[in-house]
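Please read the structure below before turning to the comments.
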């Protein structure tokens, strides 16, 4: 079932890719093949493969429980939030918050999780920024 | 004799103080990453690549560091296989079969020591073969024109499809997805924009690092989240660690055969350590027929074979990457991408024009393996203790490193969002039974494949016959055909 859904999506995608490639506006071209051919060949291969998969899907026993699904979704949300906060709130604050929640998601007690991630964010900030001189955002809070 | 001179140049690069330090760091981190269940070599290299790039190392130093992580992880993977029955990485799955029973008998130390020596022998054997074959292969590859390279890549993808993953169909789809990702951005031939969706960040193509980290590290975090259970893993006591001469003599032919098997499979495009170790284990079991009742119950032959093979194939997969520009495994695909980021094109010319990179890397692998043997015999206790690090402490560090690494390339939050999106996509792919290495191989080779195809047809003026114009192209075409139908025929024969 999962395979069929995915194959259907791929089939639509390959159509879209072929259509876009066909309508590339190429003002000049000095070679016989040009920029259209490669995507067109690939989309054809993709279309054939996805039709094959649509007809012959493999069984998939993946059936996550509600709790697992919730955990996965919170993981995704957490990382999206991290991406949002990383530059705005700065490395120290965002890492302390997101690290603590991840710690808790993996079964750590809240107080220990918070202590661990605060220490982790402070130590790695100085390690990354000053020792390795990487581009780590300071954030508004500390006047970055 | 010329080779010895190049090798000497290589050692002068590898033994320069900074590079020597990087070899040691790489090997140490690699062993650590390999021994921690969950993050294997591919993730370790992916996470460290942007950091190495951002720190502004010269290309040969960055490569020496990342390669150290790669083969170091093949050593480290055995530790948790033997002591916990949990493979530290995919290449160490077969090691659990005989390693864990040995540890249960209280012979964990003996198993760790023997497997360290087997790993060392496998690596060193494969490295010697690399030194022998690299000049030959790169000389041959100098004769390659665009149509030969088109076939070489087609051959690589075909091998990948028929040998890796649960279904050839899914591997093919993975490769095509990777190749399509490579077409995003400005077309070098005509300057038009392809599939950028008017997003400026895509104008110069999707960033290789963002794709690699997103697909491997981020999806791995999600897999860890899904599989996490509230159980404390029980470490089997190590016992006395020693290398016994009689053990070594008993497995010397096993190690030699497995090294060869691992090397050949490592050289074959796309097939890496996990397949190499599985094939070597199977081969040894067949060799021991009639006397194989101990296999799976703690036979030292069943322990030495996969360990020699996975290290031999890790080293072997470097050979096609350096000489032909075709990676021999998923992890070397990332190393190839790393070289491309430094504007270095691996291939036959690398050995002529930048011998310090090619031979420096090869020499550093000799140095690294000696260091690894030292780390893995007397210092084994330290790595064993590190196994008890809780995942709740590990995952925040992984997530943090990926975010720092990606952010420090362009300083743009867009890359972070894109990375998470790719991670979710890769997680779905994994759940559907796709392997991710083909996608990365497609991404790395996509631009090269298209360039060569277009150049070939420019030469011939649009005549596709150029793809069959000489003995090399025809040989490669036949090899591709064999790789395509061979496994199908084998399966049909076995059924009868």
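Cβ atoms are placed via backbone N, Cα and C, with glycine included.
Residues or ranges marked as transmembrane segment in TrEMBL: B:6-33, B:45-73, B:112-137, B:149-166, B:173-193, B:205-225, B:261-281, B:322-345, B:357-380, B:392-410, B:416-445, B:466-490. Annotation comment: TrEMBL describes B:20-441 as domain 'DUF112'.
Within the same chain, the transmembrane segment (B:357-380) stays apart from the transmembrane segment (B:261-281): fewer than three Cβ pairs sit under 8 Å, each pair at least 6 residues apart. As a quick check, the transmembrane segment (B:173-193) and the transmembrane segment (B:416-445) clear the bar of 3 or more Cβ pairs under 8 A, pairs 6 or more apart, so the two touch. The average per-residue pLDDT of the prediction over the domain 'DUF112' (B:20-441) is 87, rounded to a whole number.
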